[in-house]
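According to TrEMBL:
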type     : residues  : note
TRANSMEM : B:12-33   : transmembrane segment
TRANSMEM : B:68-85   : transmembrane segment
TRANSMEM : B:97-117  : transmembrane segment
TRANSMEM : B:123-144 : transmembrane segment
TRANSMEM : B:156-178 : transmembrane segment
TRANSMEM : B:198-219 : transmembrane segment
TRANSMEM : B:245-267 : transmembrane segment
TRANSMEM : B:287-307 : transmembrane segment
TRANSMEM : B:314-335 : transmembrane segment
Amino acid sequence: MDAFFRTQRLTVGYNGIPLIKDIDIQLDKGQILSLIGPNGSGKSTILKSITNYLKSICGTVYIDNRCLDDMNNRDLSYEVSVVLTEKLKTELMTCEDVVATGRYPYTGMLGILSPTDHVKVRDAMELVNVWELRDRDFTEISDGQRQRILLARAICQEPRIIVLDEPTSFLDVRYQLELLNILRTMAKERDITVIMSLHELDLAQKVSDLVMCVKGEFVTRFGSPKEIFKKEIISELYELSNGSYNPLFGSFEMQRPCGAAKVFVIAGGGTGIYEYRALQKKQIPFVTGILHDNDIDYQVAQDLASEVFCEESFTKIRQEIYDRALKRLSSCDTVIHCLNRYGEINEKNRQLYQEALSLGLRVIPSADIM
Amino acid sequence: MKDELIKKRLRYAAVLVIFLILFTLLLLLNIILGSVDVRISDIVKILFGQGGNTTDQGIIWKVRLPRTMAAVLLGGALSLSGFLLQTFFNNPIAGPYVLGISSGAKLTVAIYMVMMFSRTHVVGSYALIIAAFLGAMLSMGFVLLMARTVRSASMLIVSGVMIGYICSAITDFIVTFADDASIVNLHNWSRGSFSGVSWQDVQVMAVVVLFTSAVVFLLSKPIGAYQLGESYAQNMGVNIKAFRITLVLLSSILSACVTAFAGPISFVGIAVPHLVKSFLKTSKPLLVIPICFLGGAIFCLGCDLISRTLFSPLELSISSVTAVIGAPIVISILLRKKVRG
């Protein structure tokens, strides 16, 4: 069976000049697709083309096996509703008025709302928690509230697909989470398909069923978050040269300090992350160890430390690794000692600490006092 | 929620009632007052076709009534035209006069009049409207071209004003070199005035204006969608291309009709829609369109009354009066809204 929403070799662009070629999307009902990629890569262009605002250059879009070219704006308005980035200039319209425009395709000749329409407007507004804003002027509310009003508008149009262009920009974390929660709920409960562009990679990773990387002439990748959110893929997509991406955390680390490391950080179990970042801010290169490769410190150490002494997970630190670490430690002048307890498998770190003391190195508990 | 709804409805009803009272009052005053005193009892008799002397009958039936009707119809048309243009350009100070559309219509009407006067001394009402419509479309075309290149709202207005100046200059040029007889006619008309309107003219304008306004009213729904911007309107199922063309045509027909019969009249198209919206506290076209028409009629009835009676028997041009009242309103819009760009 064909997917509910699919594009076939879709090529999009402006004024007949192709920008992105051969886009193939397959989406089932109730799935969430996020478009990620650098600024100006053409995410909005793709969104405009699948909502027919921009004529696609070639290729086709199918919604429930109907070709987009065979549908007029009216047909499409029952299928797809949008939340756009462009600022809405309204005049003397209350929030409720704005949401009610979503009922447009369902009202009669003069656009008068029926009691059912009013109920649906209210439902949509309650779903996104903006019912109390109903009598406020749309121009007088905050950006975050405005975004939610526009989402309510899109919802009460009762589409089968909602397209959102960067819905989380201007929103603070709380509203970002709330908005994505609403989308998730709608996708699950009402079987609505969601297609959106997102800048927040961590959120895209958590909310999406499918992710598309948009950059340059072709769509570089299309797949599940598990397939897409990998160090190399994201670094390549955003051409990261001054920082790095951690797929487990979904977060970014700043650039590794360069130069010869004279600082050794003895860490483990999350005690090191703060110190690593503090050293990075002061641009002091450092080495660290001895970490197990399943240690949370290891995730950040990889990106920030000049060298990481590491042992396989769940095993006792072996002598050879300890010897190497000790050799490196003795060439440093400062040791930052973060650990305050030791277990069976990292006992060797205590020895390392005692060696540092007996070597007469400067041993401090935190990078803050450097 | 119910309270808000009732409050809103009360407000709409109050505005409507006040407007209707004003309208009736001004309508009566326009018939009663004038440079020649006709007693009210006589006017009533004349209106009901029972006597009165022939001079008075002539004044009421041939001068004041058609003139009043013209003020009603053309005032309504002007303010609707302004409302459409404001919607189209998403610009609160757009209007047929500032965008040069009235001046474009004035130019073609002047050319047409000069050509016809030299031959027949008779100008057909419909032919006048068609001439004015062509001129309006000409200016509109220029403005649309400008709107493509300049994206800022104020630059659009400036280019509209420039087009207006060019058209007025050419009109002056034509008037200067025209025959003596037609100059008189043209001069009076080109300053803007409701005077000299015949019942035949009123008939023609009633057909054109009422029909066009009805179409505008029936388009309330897409106009409302368009107020949110093109992309959203399209998402609601509006055929944008066709709708844009319709808006341009309708607003041009309305302002052409006004210019054909009364010459260019300034600021009504901006001031009235703005006042109506702020009285109603909504921009819902379903309400704004009919009230705008009524408001335009009231505004022009009032201004015409002032222009006729203030220095009677001397008559001011209607544009001078509408400008004195309308321009401050436009300035207040500018101050309050800080028109972007």
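Along the chain as shown, residues are numbered 1 onward.
Here the Cβ of each residue, glycine as well, is placed from N, Cα and C on the backbone.
Sequence-distant neighbours of the transmembrane segment (B:97-117) (same chain, 6+ residues past either end, Cβ-Cβ under 8 Å): 85, 123, 127-128, 131-140, 142-143, 156-157, 160-168, 170-171, 174-175, 178-179, 181-182, 185-186, 189-190, 251-252, 255-256, 258-260, 263-270.
With a cut-off of 8 Å on Cβ pairs spaced 6 or more residues apart, the transmembrane segment (B:314-335) and the transmembrane segment (B:245-267) reach 3 or more such pairs and are scored as touching. Of the candidate ranges B:68-85, B:123-144, B:156-178, B:198-219, B:287-307, B:287-307 contributes the most Cβ pairs within a distance under 8 Å of the transmembrane segment (B:12-33).
Between the transmembrane segment (B:287-307) and the transmembrane segment (B:68-85), the number of CB pairs under 8 angstroms, six or more residues apart, is three or more, so the stretches are in contact. Listed by sequence, the residues of this chain that lie at least six past the ends of the transmembrane segment (B:156-178) yet keep a Cβ under 8 A from its Cβ atoms are 89, 91, 93-94, 97-104, 106-107, 110-111, 114, 117, 135, 139, 142-143, 146-147, 150, 186-187, 190.
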